[in-house]
Each structure stands twice: as structure tokens, then as C-alpha cells.
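Reading through the C-alpha cells given below for one structure.
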């Protein structure tokens, strides 16, 4: 039996600073006073500097590479299955005769098989009681996805298996649809159940019927043979109108260089087919499209092609221009080792590896993972209080210490605080793009969420389509598109009773007692609350005038201000440009706004479903149905936050889009939550006193200066490169839910 395991690169990175650190650890200098590390530097600053650097111990300390062990307060209830647990569920499933399952290796188009076995995330209502010590640990269940094809109307089925561990006559299965807005016993139709037959009976024959044309145009064929130099790709989502299933297909060059270049090698010829139902005799080719001309039959296309004056379009040919290897003259000093981030005194975070629990400074959280949403953080606490129950993606290199946390200078002193922050990073490769997700925790209590994108664009053929993209290579258009990624942030600010407050800077004309009756043009604050889900789908205000804050109206600070966390974009964000999309219809209604707020329900688990594209008119989860007018005043709130980019690829996107600018981020910032800046607690800061051009004193607040040997750090990195064995890649385009991992060989379980 073959199981597929989705792998995500997970990096726990402490991002320290190296500012004026001594090359080797120093001994306590004679001019260091007793006490908390206070140093008084002599007026001769050059002599002091020499003295500082020379007073060092002969041996560097031994610094630990690994995180400091810690024991999680409670076991991680979001922890996924071990191999043994997954295998036990699979064994049990194949014992159920009513499921009629066939192993993946043996399954054909008319067999039932297992697509997914993973932990069903427990409901918040059960988990919070457990975390707070007032309830038992939630029972564990498996979320299983079946590919049911032994029927005239094939479908995917979400089912729930449990309780676990498997016990005879106790463990059962049931349909899983309590979090679907459409109640169909967890079933979603499968529009791709006949893919193998479709290629054999319709697509390859269509290509064969114009074999002479493809040979003349591109010196190649797409017949399903090993020596084909071109291939046929489908376009998602399929057309789903008037009870017919239609799909566009296009010819693309196969990669000739070994790089993943096919997505930028479109050849400009498309054809449309009707593939409704499972009877191949009812499928048909509807027409061809080339050079902005529609031909409603193969005969019409052939007649036009062999007519005098027919314009043959140029070809996208693979080559060095599409390679991601080094190219061009070497840059000065570029062969030297580049800067790198290290922890000079060893790791400063703690991890319970088995429970995937992390502590850093005043933050703590658990880590979970699922196939469809990737990395998710749970029970995020700051200074011992839960601020976010769940933070993670729903659908779809940062420089260390690149700016100080704080800095201020006067005529007599300058003070600065290192911006040391903790980052948890996950990289997911979805087809032609890699998405890098980073969750960062800052010492002032801010939590940051960022996404960056890099990879081969899904290019379009360049022909009479200037309104839709730049001309970026011989016959390649940088086809415009949107990247929109939906994140779920379940806030619990000092409890679950929260409200969304809007505070807007507004222009106003006011007359004051001191203005002697003259009006003054100025500005003031305008405060309001989002009271219900009828008004909870919003965009960030024009000119960034509106603050969006999650507050607890029952919790005020000593000055009477409501304590809360502000949601603010840290870099460009985006929601969908297209309105009332003819392609996605109701399957991506989550993508239309920057911010959307709902009352928390265990039945509103995710904003989308992985198979929404199989029924865009009536998807299993229609996000619009979440908004039914419920009150949002002092309720358990969920923020659905969109990050993304409006992308019109240009020549700089070849061969790959780069992380530098394909970037979007949001931050959650404490607002009136504490009585001051919490980062003042750190000793990772310095104050330099000076007068008349001379340094009179340096305060380091007890910060140690011990460092680790750099050679060991660099050696470890190089060794890791030889140990990397690859990721699981999920092909986004064309996406085949029946074979999501078909392009990855050798790492299947």
C-alpha cells in the first residue's frame, strides 16, 4: 500500500544581531564596576577600545546548537498522526467492506481509494476547556478523504473515523460535513475521475488530427509517447455552466533543460472540449483558438492553416534564459561567503520537540500542520495570556537585525535596542510557485505574518493580448493575475469576549475657545464599532486612515482605555480584482475583501474547501454563508485576513519571480494592551554617553559578549546541503486531485 506524505520545510530561526561584538569573548575588564554590567569608559576612547578588545579570554565558550529543552504545559492536541497511527487507520478502512476500497497502486478509474488520512482538528470549544484545566483532552479522530469512482457519478467523500486509537467494535466512520455550508454527506463531485481515458479517447486523438500542423509549427507532437517534445495542459477551473462540463486545453513545450520551465513555454494553440459525464462517446471537441481567431471545427482550422497568408506565430523555446543557474559575469567579491545569521551565544528559545511546543521570551505557542492549510500556530500566549487561539493559512530571506527595535539620540547620548525577534518559517511548493510563510514574534508584543512567492510564472502566449500583460520574451506574455491568500486569526484578547473597534483619522473644521471664533482646519479621531456580521467585510481605509483593533470592552487599562490588538498591514496586501468572477463563481468568496470578521463557530472551521473548484456554483464551503447577521459585540471573534499581490509579471520575473518584491504582510500590534513598551525589558541594548566629541560612558545593561566559532556554523550549513533529499511538490496547474503527487518520485510512503 502506498501513502503520500506532504512535507513542508520548517525552520525555527532565532534572529539575533551582531553589532560591535568582540571577535573573542572578553574577560571582565578592570574598569568594569561591580553591579549590573555598568562600564565607565575612560575619556581616551581609542585607548578604551584597545583595552576592550585585548581583555579577552583565550578560549571561546562551547555554545549549544539546539534549542533548550522544555516540557509543554499539556500535550499538543493538534499534533498529527505518527506513521503507526496513520497505518492503523488505513488498515481499519480496508477492513470496511461497505467502503469497497482498492489500494492506490492498483486503483483504476472505476475503483475507490484513499486520498488522505490526517488528524481531524478538534473543536475550539473542547480544546479551550482542556488547555485551561477545566476539561479532558478531546478525543482524537481521523479526517479521511475517499476518492469514490466506482459509480456513474464519482465523488470525493470527507469522512470522520474514530475515536482513536482504533478499537474493534468501537471505532466507526461517519460522513464529515459539519463544517460544510452545503450539507451533502461530505460529498463533492469529482470532475477529473476520467483523466486517463480523457487523454486516451479525446485529447491525444485531437492532437493527432493536427499532427502535421504541430510538426510544421513546432517540429513536435503531443501523442502521449515518451519521445513527445510537446504536451497538453488543462486550464482550471473547468467550465460549469448549463449542466455541461467544458475545459480549455493548450499545447506547451516540454522542458528541454531539466528545469521546471514548462509553465513559461506556451505555444499559443488552444482547444475547447465538452467532457460531461463518464461516457467517452458523448465527449466532443468544440473548436480551436489560435492567434485570436476561433475555429469551430478541426476542418475549419486545417483549411485556414493551409491557406495562403496564414500567419504562424513565433515559438517559445527552452534555453538558458529560463534556467535558474548562475548566469552573466561574476560580481565583485561574490565568491566570498555571504553574511549569515547566527546565535553568538547559542539558542535562546526552548522547544518541546515531541509536542511541537515553543517558548521564546514572553511568547509561547504550539505548532500544528495539515495538508490543506499547512503550518498553523495554536494557543499563542503573550506574558502568560492567550492572545490568539489559532493563526494560520486557510487557502491557497529576512535580514537579521536589519533595523533596531528602538533608537534615539540627543546632544549627549544615543540609545539603541537590538531588534531580536523569533521567526517560524514554512515553505510550501505548490506547482510552479514556492510560497514562504513566516510568523514572527517581537519583544514589544507584536506578531507578524508574511508571505513571499517565488518560482516560474504561469505565462501566457503573447499574441494580441497587450491588455492583459507585458511582452516579456520571444512569444511570452506575463499574464496578469492575483495572488490572494486567506489567513484565519482567532483572537482571544483577555478572554473570548471581543469587539472590533474602528478608529479613523478624519479631517475637520473646529472652533476652539482659544481660537477667538475663527475656524481651524485640523483633524480628530472618529471611533466606532462593528456591531454585526452585516457590516464586517471591510477593506483597509484610504490613506491608511483607519485603525482596526480587536478590543475587550470589559478590560481597560489604568487610564480607562480598552486593551486590545491592532491589525495593520506591514507591507502591500491585496484582495481579488475580479468582481463576481465567471470562473470561480461562489468557490472563492473569501477573496473579495482585505478583512472579514465572524463570530466563532466550530462549524465554520475553514473559509474554503480543497475541492471547491469541483462545483463552483454550489461549493461545499461557500464563505458568504458565514455572514448571517450575528452580533459581533463582545463575542468570540475570528478575523479572516487576506494577504497577496496584484502580479503583472515583467522581464525581471524571468526565469523566476523573486521573493524580494512578491511580498505581503500583516502585523498584530498591542494597542493600549500594556502600560508601556515591553521591549524595554531586554538587556540587548546599549546607551552611549558622550560630550564634546568624547565618549564618557557605555551602558550595556549586563549583556554578555561571548560568541561561537563561525567556522563550525558555516560547516554545518554546507553539510546540510548534502543531506537535503527533496520536498513533496503538489502540481497546481494543471491540478489533478486524483494524482496530486504524481510529479514526485522516490519519497512516497
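The backbone N, Cα and C atoms fix where each Cβ goes, glycine too.
Bear in mind that TrEMBL entries carry predicted annotations, made automatically and left uncurated.
Per TrEMBL, the feature domain 'Copper amine oxidase N2-terminal' maps to 94-165.
According to TrEMBL, the feature domain 'DUF1965' maps to 262-328.
Across all of the domain 'Copper amine oxidase catalytic' (342-394), the predicted model scores a mean pLDDT of 91. Feature annotation from TrEMBL assigns domain 'Copper amine oxidase catalytic' to 342-394 (among others).
According to TrEMBL, the domain 'Copper amine oxidase catalytic' annotation covers 402-677 (among others).
Per TrEMBL, the feature 2',4',5'-topaquinone maps to 433. Classification of residue 433 (2',4',5'-topaquinone) by DSSP places it within a strand.
Marked as signal peptide by TrEMBL: 1-21.
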Report the listed stretch (94-165, 262-328, 402-677) having the maximum count of Cβ pairs within less than 8 Å of the domain 'Copper amine oxidase catalytic' (342-394). 402-677
Neighbouring CB atoms within 10 angstroms of the CB of residue 433 (2',4',5'-topaquinone), all protein chains considered, total 20
